[in-house]
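Below is one structure, written out as structure tokens, with a few remarks after it.
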Amino acid sequence: YLKTSKHAFYLLAEVFRFICSIVQMSSQVRLRLLPSARCLFDEPVQVKVAGLRSRQVVTMRARSTDERGVVFNSSASYRADDSGEIELNRDASLCGSYVGVEPMGLLRSLKADALHTYFYKNRALEPFMVNFSVHEEEGRMLAEATNVRFLMGDGIRRVPVKEGNVQGVLFTPPGEGPFPAVLDLCTFMSEKRASLLANKGFVVLALPVFTEKPNLERMNLDDFEEAVQFLQNQPKVNNKGIGVISRSKGGDVALSLAAFVPGVEAVVWINGCSANVGIPLYYKGHQILSPLMFNFSKVIPTESGANMIKHAVENPLADENKSSIVPIERANSHFLFVASQEDLNWDSKGYLDDMVGRLKRHGKKNFESVIYPAAGHLLEPPYGPHCPSALHGMLRFPVVWGGEPRAHAVAEVHLWTKIQDFLKAHLGCNSAQTKSKL
């Protein structure tokens, strides 16, 4: 009996020492987000882990919940170096949501369990919260840290606007100005891009092309002209003209503003159409552009359950559709045309080529263009989750947006800087104006 008790005592002691060693090791593991765990949405962070065993293999995880309560997750396996450290800026993922060196890969690859799910982060007052954690291969968590990614920097003023036909949200940088002004035409209401541009020193009005109850019988360009005039009348706005940034359906509205409405100095057109899509466009009581329509017999189903609609849009260059083409050759605005060759929503690259060719034939040099070979339709501000497919806001069935995820993320980083440089160059931005930070 004494011998058995003594053996049990030693066994328990060994188990206790083993548990203590595990607890001690996990307490020594540190996960750091540099330069700070708090940053702006469009700023990268360095993810570093220290205190692991030499060459230990662990799983890095990221988790976030969008504004609709949908949980998104990503994970990747890494091997520590001889010092027991991992740096995502330096080290390659061995397997998981992505493979290779990708410093912000855990954010880019965040994915919901359900297919065709877009990460909704459209309200500027609420930060994008991401939980990073490091786990043993068996799953036990060793360390964690939360990245708080703000859309609004210090001093940015956010004001909901409901004035006449203008219903949007106005963002104003701190300081007296005067500041350059930008109209952000989002297809459906989103404050993300507008608030982030305000951090860079722009007064920005986020305005949806489609409201909650859109009029699908006609679209009035006068309503968007009213938004341009609203911006021009803001006390902190300079007198250099208004910039317009757009994507998708917002693209042809932006082109129409440049062609028909005075005061539009610069237009950023991202993966839009060269013609007026879907709805007749009116200005001052008269129809100015007929609609370019869809042929739904050309919609192609895919194995994932989403549909490819790229070939369903009618050809704007066909004789019967030429009355839908926006006459940008009459505009004096400066244009930045941006197209993704893997855009599966429609032929953005073809529309860009048509517009560039048309402007050249008219002797115009007021444009520049950027083409991303492997990016898809949804080019957004950088460091958000990539969305390959989602429910189409107007067609109400899931569609594929296209894009190779890693190349798409690289394109977003490059484009975000390009947009800011273009707008500053043509809207009279004072280089001495301070950007808003945390």
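Glycine is treated like the rest: Cβ placed from N, Cα and C.
Caution: TrEMBL annotation is automatic and unverified by curators.
Marked as active site, charge relay system by TrEMBL: Ser248, Asp343, His377. Summarising the annotation, TrEMBL assigns domain 'BAAT/Acyl-CoA thioester hydrolase C-terminal' to 220-428.
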Other CB atoms, at most 10 A from the CB of Ser248 (active site, charge relay system): 25
Neighbouring C-beta atoms (10 Å sphere around the C-beta of His377 (active site, charge relay system)): 25
Neighbourhood of Asp343 (active site, charge relay system), C-beta criterion under 8 angstroms, separation at least six: Asn271, Lys310, Lys349, Ala375, Gly376, His377, Trp401, Gly402, Gly403
